[in-house]
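First the structure, in the form of structure tokens, and then the observations on it.
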């Protein structure tokens, strides 16, 4: 150009500089770029001078080459020429010094600029702060904020967001709160800032705090966007905050936004953690109606809800619908949900088959998957396979989780392998890699019972709760199980109380005027026995306090389709809980004919218990079940494998004709059979001497009840309950023995509302194609000879 007499312009120089800076094969040396830059500066034409584009091109080239000295020289040159850097300029300078490993020099440069009247803009400090956060240099990032304030450059919301996110990723949640309070005094938080807070606190397990922040956001008149609502719904889902999730969903629809699949997934998950299966399924169906198609995460969330309660048939139906209707294939999380559903539903062979299918589908099992299979082996009581699975866990992770250790401890205890149990307990206690394992092991051994040391236990339990309901339910179930089999009932009661404070097992204890119930269908065997023991002692206090008695006291051991089959009475939780209740209260509880998943005690039996307590003349009894901590059994002790206890309670399971109520039992309950002893615990001798109830001829109340059946059926049709004739005859008998028609209507409504969800079992439900009862093979524990795949 020059040879032809054509004078280059500034644009010409910039074009050549940009082309040379981007050249990679071969790369142009930076000295040649500086030479062209010098030639441009000394061009005879006054209109040809380096501008911002020129300097940014050179700074970008220096940043790629990590030339920090050249970047500093260019910065000084552009300031002397009166060219002010922009955001891109500062970014390139920071990148150059970051590549050279000398970010501290950037802060010094900014201080020099401020001293000479060239205070960098907020984007400069923001770029430097982000560079520090990439390497996790928290102190240096905070120092940049303080320097920014000292240099007279007011921080922006974006500046605070970087630090809030950094604190959150490092788990410094107190720092997040303190910094956010500081931010509110200088700059109003915007929607993006709240979104960072929701994600930080949601990932950290502070789910209720997320909801409180959302309410604070609305009060501050900061308008949420759909990302905001999604983050809050995800937190509600993990924390089981179903009421808050409903409110957020209502806000989304009220504001005219369309709820996304992610938002609905949070609602389904929250309802599932509260064991509200029917509501979760309704929310799932509602997605399709509004045009928000469920994702695999939505299907997995609903299946996980069923899995926690052992509703394996409903979980199978959900995945069948996912595969056949939505053409979505199961992923690893889907298989994990199936394994858990089969384990909780005592379909242990199917649990192992699901694991094998997962391996065949080329999904690599993680710690959660291996724990699921370990749970199946431990429930089945096969020690060799359980040890192999535990060793595989140890080879995968540095330290197996508390859940895995507790499963093995429970297995050893139930099989009276106390030497193995104590060796494993000592391994936990001496584990230097995890203080959590040390605390739990010491707690099981009874070393933390005093209030000062128990605070350490509470700290561990608090941390487990931060993992979300999914993990917390498995953690507390495993811990309660091992405490029960180790005979530590007092500590188990304290742990259960802590779990209830966290909002876990919200369905566990529910009392109304008509029904007092304990729902243990989502608990481990040991956990269910702990819960039933606590509930029985509460029942003792209420009977002793002369409270108005309900029509029924009920223990729920199964939910869903399994309630319809008598096979379920042989499943572990149902079998052991039924045996425990009869051992404790001398056959006061029985299976009703209208539901195979509940064990009930009628009002007449409650009155007998109350009379027995009143006749005990104030004996010093704390309850039906003494919740004390036993001494740890010595090696060689036989507590659970003696021949008389080998059936684990099967001696109390009578034939079908004895378990189901007789018509005379439903309509004319005798009021004069011998009362059980006030302690609630009867030995075998007293049980043999007890007189059989003397049934009188049909009473007037029974005849009146039979004559009133037509009225009951009419009422059932009006209330749309669908209760069968046998149930209605029981209702009429109860009401004709002193209740009024209003009580009958209330009781019908109560039983209908208290019944397990029917939507999931109705025609349009995911379980409609499932069989009502498992086959004999599916209902059995591991057959002999089954080995780990």
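Cβ atoms here come from the backbone N, Cα and C positions, even for glycine.
Region 'Disordered' is the annotation TrEMBL gives to one range among 633-655, 702-724, 725-747, and that range is 633-655.
Residues 191, 194-195, 198-199, 201-202, 205, 207-208, 210-211, 214, 217-218, 265-271, 273-274, 276, 279, 287, 290-292, 301, 468-470, 503-504, 506 of the same chain lie 6 or more positions beyond the ends of the repeat 'PPR' (225-259) yet place their CB under 8 Å from a CB of it. Across the repeat 'PPR' (295-325), DSSP assigns 26 helix, 0 strand, 5 coil. Outside the repeat 'PPR' (86-120), and at least 6 residues removed from its termini, the chain residues within Cβ reach (under 8 Å) are 52, 55-56, 59-60, 62-63, 65-68, 70-72, 75, 78-79, 127-128, 131-132, 134, 137, 140, 143-144, 147, 151-153.
In the predicted model, the repeat 'PPR' (121-155) shows an average pLDDT of 89.
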